[in-house]
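Each remark here refers to the structure printed beneath this line.
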Amino acid sequence: DAALATVGGASSSAGGDGGTPKPSVAVSAVAPAGAAPVPAAAPDAGAPHDRQTLLAVLQFLRQSNLREAEEALRREARLLEEAVAGSGAPGEADGAGGEAASVLLSRVTASVPGPAAPDPPGTGPSGPAAVSGSATGPAAPGKVGSVAVEDQPDVSAVLSAYNQQGDPTMYEEYYSGLKHFIECSLDCHRAELSQLFYPLFVHMYLELVYNQHENEAKSFFEKFHGDQECYYQDDLRVLSSLTKKEHMKGNETMLDFRTSKFVLRISRDSYQLLKRHLQEKQNNQIWNIVQEHLYIDIFDGMPRSKQQIDAMVGSLAGEAKREANKSKVFFGLLKEPEIEVPLDDEDEEGENEEGKPKKKKPRKDSIGSKSKKQDPNAPPQNRIPLPELKDSDKLDKIMNMKETTKRVRLGPDCLPSICFYTFLNAYQGLTAVDVTDDSSLIAGGFADSTVRVWSVTPKKLRSVKQAADLSLIDKESDDVLERIMDEKTASELKILYGHSGPVYGASFSPDRNYLLSSSEDGTVRLWSLQTFTCLVGYKGHNYPVWDTQFSPYGYYFVSGGHDRVARLWATDHYQPLRIFAGHLADVNCTRFHPNSNYVATGSADRTVRLWDVLNGNCVRIFTGHKGPIHSLTFSPNGRFLATGATDGRVLLWDIGHGLMVGELKGHTDTVCSLRFSRDGEILASGSMDNTVRLWDAVKAFEDLETDDFTTATGHINLPENSQELLLGTYMTKSTPVVHLHFTRRNLVLAAGAYSPQ
């Protein structure tokens with residue numbers, strides 16, 4: 001019984017008789033005179049208040065049906081049965097009640113500089129009784145753990161007494177005491193315990209501000225902000241501007257920090273060390289923050305080294321809990337539909353003339369056979385409904401297969417050529433680029449709210465004729481698709497007007513009939529590439545939409561924006577089908593997994609999340625970037641994810657195991673675009689530092705150590721081999737690389753707008 005363990009089992013040295021151990025309960029520190037000896041009386045707390053506290057606790061235990069705990073406490077405090085008013089109704093037995101009781105008791109201890117009650121077995125900050133909700137926040141009174149207690153005014157009165165937490169002048173002492181302890185601890189523990197500095201610093205500062213101790217808060221900030229890790233600089237800048245209680249109300253970042261628990265992964269040994277220190281020092285202020293605002297994910301085994309921790313930390317809410325990356329992900333590819341590839345006569349003759357054996361047939365079979373075997377990690381074919389293939393799609397697939405036969409096999413010795421499309425005189429400000437899969441069209445989104453579409457092939461862009469002219473056409477003729485096009489409209493460039501703000505995202509549909517664009521005006525628009533007009537405006541986001549992308553199978557698309565959620569849409573629905581909520585800051589980029597069952601989102605909270613399209617659940621959280629994430633790409637086999645951020649690093653992730661498996665250092669500015677080559681041998685990255693870099697993806701992903709131990713504890717050892725993996729760096733004169741694309745034959749197309757220095 002959880003509560004009993006807290007109350008009855010607190011054996012600590014609390015005697016006045018030379019410190020001999022004497023069984024006593026932490027609550028006895030606030031019991032009236034005549035109770036067990038107390039090392040120090042609670043400051044300015046008169047007997048009636050102590051008595052009220054105790055009665056509230058007893059009443060709570062009685063109502064939660066925790067008789068034994070109540071008995072033990074009463075015996076300890078030598079109170080008589082009659083003192084407790086009302087014979088409470090039988091409430092929840094030890095489940096939630098026990099949890100709440102232990103919370104209440106730990107709250108009571110908080111105001112008392114006596115020994116703290118140890119955690120009940122099995123309910124550490126990481127156990128089931130970890131309780132959210134802040135005692136200092138406005139929502140504290142009236143809610144204890146998971147049990148609402150509005151109808152018990154005395155309990156809420158007790159809790160509101162701790163709104164004023166601790167002596168403001170002592171905060172600096174508390175913090176420097178802990179700092180001294182951590183810095184003097186053994187090397188193996190120091191790295192792990194140093195993770196506490198930042199979250200404690202923020203919470204103690206916010207607590208001072210919240211309780212209107214402005215001068216103390218200011219001096220606390222000035223004294224310790226220099227000790228924090230360099231990757232928290234931006235957050236600290238926001239924090240330093242919050243100096244009054246009123247500032248905190250409207251600031252979303254800080255509200256998130258207070259409500260979401262900061263996650264730390266610490267080995268059991270380091271955690272025990274910390275707990276012992278805080279309880280010996282009776283440093284309840286810090287212990288409270290640890291229990292209320294931090295989620296300590298304790299693992300058994302060796303403590304992690306500084307490098308291992310640095311690789312994984314840096315996001316707004318700490319690391320991901322290990323549980324977050326445990327669920328199964330179907331990262332395999334769906335089976336390709338079987339399409340017969342007709343052989344062209346000219347090809348056959350051409351090969352015979354040169355006297356070569358016919359290589360066509362076996363090669364065609366090898367393409368077919370690759371997709372016939374079902375991938376063991378693939379989702380069931382009908383897990384989410386995908387659109388049927390139209391005849392035009394089949395023709396396109398056949399074209400694709402033919403191109404594939406002419407594809408260049410890339411590798412360290414055979415690097416792709418790069419064709420760079422520079423947007424000159426783009427005074428409108430280029431903000432987004434996309435290229436069709438067959439590389440025939442390029443679209444640019446601009447800050448003047450237009451979308452411009454160019455044809456890259458000699459074939460000009462034409463719109464469909466007007467309705468009156470269409471009725472004259474013979475619908476049975478073979479070239480009806482040619483005849484419906486209006487030659488008078490042919491041009492290399494079409495401009496699409498409709499948005500009322502900069503266009504930040506653009507995406508072509510796989511069949512090249514549609515184009516999506518997302519804008520600062522909060523809408524996503526679907527344009528027809530037959531008529532070059534807007535078909536639908538999707539309104540769901542209330543703020544700028546930073547990115548949008550079509551599913552590889554068409555029909556579905558995803559968008560992400562400033563409102564911190566990503567939305568999944570279908571082209572024929574006005575409302576989103578799924579809302580992916582969980583990021584603590586803007587969703588900057590969105591990408592579909594090649595099998596269309598998952599969506600990855602990169603955010604300004606410095607995390608990447610993978611969402612299941614079927615049920616909207618978050619199935620992976622990847623932390624490790626030290627800045628907002630601006631680019632994502634999946635490997636063609638669906639197993640890996642590459643992410644790029646403002647910190648200039650490209651991180652590689654194993655989706656199945658939920659682990660970081662590589663880090664590519666080299667860029668000196670934000671990585672805006674990432675793409676794998678068609679067979680996944682090479683990863684191309686484009687950046688604001690005006691370079692395109694090519695990396696050896698095969699080598700980066702070979703012989704990965706993904707044993708169960710690594711997966712369980714997150715002891716990742718990243719090889720420092722960025723220089724070996726870097727195959728080439730290509731400078732532009734002065735053009736940031738906004739978009740990268742591999743053609744079906746593995747030529748790289750890059751795009752950006754020339755920005756004169």
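Each residue, glycine too, has its Cβ placed from N, Cα and C.
TrEMBL entries are annotated by machine, without manual review.
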Which listed span TrEMBL calls region 'Disordered', if the choices are 1-26, 261-286, 469-494: 1-26
Counts by DSSP class (helix H/G/I, strand E/B, coil) across the repeat 'WD' (538-569): 0 helix, 19 strand, 13 coil
Among the ranges 423-464, 538-569, 580-621, 622-655, 664-696, the one whose Cβ pairs under 8 Å to the repeat 'WD' (496-531) are most numerous: 423-464
The repeat 'WD' (538-569) vs the repeat 'WD' (580-621): 3 or more CB pairs under 8 Å: yes
Chain residues outside the repeat 'WD' (664-696) and at least six past its termini with a C-beta under 8 angstroms from it: 404, 407, 409-412, 415-416, 418, 420, 627, 630-637, 642-646, 648-652, 722, 724-742, 744, 746, 748, 750, 752
Average pLDDT across the repeat 'WD' (580-621), rounded to a whole number: 93
